[in-house]
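> First the structure, then my questions, so here it is.
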Amino acid sequence: MSRIFNFSAGPSMLPVSVLEKAASEMLDYNNSGMSVMEMSHRSKVYDKIIKDTERKLREVMGIPDNYKVLFLQGGATLQFSMIPMNLMTKNRKADYIVSGSFSGKAYKEAQKYGEAHLAATSKADNFSHIPTQEELNLSPDADYLHICENNTIFGTTYNYLPETNGVPIVSDMSSCILSKPVDVEKYGVIYAGAQKNMGPAGLTVVIIREDLVGEPLDKTPVMMRFDEMVANDSMYNTPPTYAIYILGLVLDWVESMGGLTGMEAHNTKKAALLYDYLDQSKLFKTNVVKENRSLMNVTFMTGNEELDAKFVKESAERGFSNLKGHRSVGGMRASIYNAMPMEGVEALVAFMKEFEEKNA
Ligand SMILES: *Cc1c(COP(=O)(O)O)cnc(C)c1O
């Protein structure tokens, strides 16, 4: 077996133990005589898988009983539309903080359905920081405030949760869910595409406070109605059955790592190794302000495009994949999600030191 260190921003690494377990159950899941992929989603054996996955997610994240858990499709991107269609319905107004690319897309999409108000943006400094509470221009009558909690492309994350005076917070946690403990009660809605920290692409997890599952706008497609999805336990049609099963295995692994507290310790150690090196390097630097540095996506550059390209090329030859930064930022990005082992970051830093010695 030869596995490389994959720093992809998503889909990304999964824990080896999860892949091994899935492989061992591939042909015959739990004496059912079939793969999970081949099962009816309405069968007894599958019913247990989806219920167990929800139960484990509730345990791991500490999701209170007055929140619904939905297993949907369409990626986080479909939520950019689904959220306004279902929630921007009382005052037809919502606040958006634009702190990067995905929150910009969410803001743009919401404009189709009501008054999407820009509460703040850090575009002027190319998204190298998260707007602070003082920078926010919040609407008291907004139906919700939308934030993107971890900016996958720019490598920034919130170090506070906005004070909204009761306006529900809707958070895109695609690239940070399960990376550290979270106080679910502080949110109205949490959503995430699974392919960064939860499992394979094709599954989107939505955690929504019961009272926010209201009446959507007229002509909202049935597949995009939270009320229908809740009423049908995410089974209005066929859910992404295999991805839900893998999420269950990932949650077992998160528990074995000490739950979200253990995950946070593991992730903090990994990220610190990389940031500490960047802070003293004479060749590499990061543009992200210290207080908003992401634990999951570390962006860095040399300041010289040719040297960046050389680094990406040589790193790939040495078995580090996907270190090229997003085209909108340039430079490099190391996505070090939950499943990236400490050894992966250690090996990367060792390689960076070597590269610096040769090229500084
Ligand atoms: C990856 C990502 C998205 C897009 O997710 P899809 O599942 O591809 O739609 C949205 N928001 C954030 C923060 C992401 O990291």
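Cβ from N, Cα, C; glycine included.
These figures come from a predicted structure and were not determined experimentally.
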> Besides Ala76, Thr77, Phe102, Thr152, Asp172, Asn237, Thr238, which of Gln195, Gln280 does TrEMBL list for that pyridoxal 5'-phosphate site?
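Among Gln195, Gln280, only Gln195 appears alongside Ala76, Thr77, Phe102, Thr152, Asp172, Asn237, Thr238 as pyridoxal 5'-phosphate-binding in TrEMBL.
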> State the Cα to Cα distance, in Å, between Thr238 (pyridoxal 5'-phosphate binding site) and Arg42 (L-glutamate binding site), rounded to an integer.
9
> Measure from each Cβ of the binding-site residues Thr77, Phe102, Asp172, Thr238 to the atoms of ligand 1 and list the residues where some distance is under 6 Å.
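What lies within reach of ligand 1, judged by Cβ under 6 Å, is Thr77, Phe102, Asp172.
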> Measuring Cα to Cα, how far is Thr152 (pyridoxal 5'-phosphate binding site) from Arg42 (L-glutamate binding site) in Å?
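Taking the Cα atoms only, Thr152 (pyridoxal 5'-phosphate binding site) lies 36 Å from Arg42 (L-glutamate binding site).
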> If you run the three-state DSSP split on Asn237 (pyridoxal 5'-phosphate binding site), which class comes out?
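Going by the DSSP assignment, Asn237 (pyridoxal 5'-phosphate binding site) belongs to neither helix nor strand, so it counts as coil.
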> How big is the pyridoxal 5'-phosphate site in terms of the longest C-alpha to C-alpha distance among Ala76, Thr77, Phe102, Thr152, Asp172, Gln195, Asn237, Thr238, in angstrom?
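The widest Cα-Cα gap among those binding residues is 31 Å.
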> To the nearest Å, how far is the Cα of Ala76 (pyridoxal 5'-phosphate binding site) from the Cα of Lys196 (N6-(pyridoxal phosphate)lysine)?
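Pair distance, Cα basis, whole Å: 11 Å.
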